[in-house]
Amino acid sequence: MRRLLIAGNWKMNTNVGEGEALAEALRDVDTNSVDVLVAPPFTHIDRVARALKGTEVFLGAQNVSEDTCGAHTGEIAAEMLADLSVDYVIVGHSECRGRGEVDATVAKKAARALDAGLLPIICFGESEEVYGSKERVDFLKKQVEASLAGIKDLDKITLAYEPIWAIGTGKTADAADADAVIGQVRAALDPAIQGKVRILYGGSVKSSNVAGFVAKENIDGVLVGGASLKADEFKAIAREASHA
Ligand SMILES: O=C[C@H](O)COP(=O)(O)O
């Protein structure tokens, strides 16, 4: 049985003080039966780590360089994140892919993260146009396959299915449909890791709909954007998930 992961992606929101206050307010989030993760902006990571010290809440970053330390202006290396006690790193988010990140870069970033001892969360998902087409499942399988190319420790990967049209729109995927498509993606993974890899759902998740997703056989948690910025709502998501 895969343990649920409830991940909050703060995206480019909050100033440092607000992020620290949000982390403080999450100290009593229920981590008994689910894993909980917050991914603040890079600039907040150290302060958020201090605010969460002594809790079981995992710390994440929202991106990482495909390179190791060196002359790469503006980039953040996986080793730097590990030095800040970061546990997970999100890669291949559609908001990064939308700025030109391709599958091969996503795979390199995930490999760098693993080399530094971080656990990558690799996002995949389709546009509304692809969603409505016959190519949907093939598109998703190919995207995942290419985003995992060359990665050795596949059992340490988490995947996150985020239909682009459901992100920040209030339009969630149908839970049964998300479960079915995630099941098909799972079935296409290396049989040695199929049963181990966690696959999350992301896209307009809130406390009132999370249970419907995590109750499904193939959905091992959620990647939450907007609703992770309100401590009470994020704690309610973790609570609802743990009772689902
Ligand atoms: O990383 C999180 C996802 O993009 C979902 O964002 P959202 O919950 O605001 O729709």
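Quick reminder: no glycine exception, Cβ is built from N, Cα and C everywhere.
A TrEMBL annotation is a machine prediction, not a hand-curated record.
Here's what TrEMBL has on this protein:
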{"type": "ACT_SITE", "residues": "HIS93", "note": "active site, electrophile"}
{"type": "ACT_SITE", "residues": "GLU162", "note": "active site, proton acceptor"}
{"type": "BINDING", "residues": "ASN9, TRP10, LYS11, GLY168, SER204, GLY225, GLY226", "note": "substrate binding site"}
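Everything TrEMBL records as a feature, shown here on the structure.
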residue: ASN9; record: substrate binding site; Cβ within 10 Å: 25
residue: TRP10; record: substrate binding site; Cβ within 10 Å: 23
residue: LYS11; record: substrate binding site; Cβ within 10 Å: 19
residue: HIS93; record: active site, electrophile; Cβ within 10 Å: 27
residue: GLU162; record: active site, proton acceptor; Cβ within 10 Å: 26
residue: GLY168; record: substrate binding site; Cβ within 10 Å: 12
residue: SER204; record: substrate binding site; Cβ within 10 Å: 19
residue: GLY225; record: substrate binding site; Cβ within 10 Å: 21
residue: GLY226; record: substrate binding site; Cβ within 10 Å: 18
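Apart from ASN9, TRP10, LYS11, GLY168, SER204, GLY225, GLY226, the residues listed for substrate, the same chain places the Cβ atoms of ASN13, ILE167, VAL224, ALA227, SER228, LEU229 within 8 Å of the centroid of those Cβ atoms. DSSP classifies ASN9 (substrate binding site) as strand under the three-state reduction. The full span of the recorded substrate binding residues, ASN9, TRP10, LYS11, GLY168, SER204, GLY225, GLY226, taken as their largest Cα to Cα distance, is 14 Å. Less than 6 Å separates the Cβ from ligand 1 in the case of SER204, drawn from the binding-site residues TRP10, LYS11, SER204 in sequence order.
In the three-state DSSP assignment, the secondary structure recorded for GLY226 (substrate binding site) is helix. A distance of 13 Å separates the Cα atom of TRP10 (substrate binding site) from that of the residue listed as 'active site, electrophile'. In this structure, GLY168 (substrate binding site) belongs to neither helix nor strand by DSSP; it is coil.
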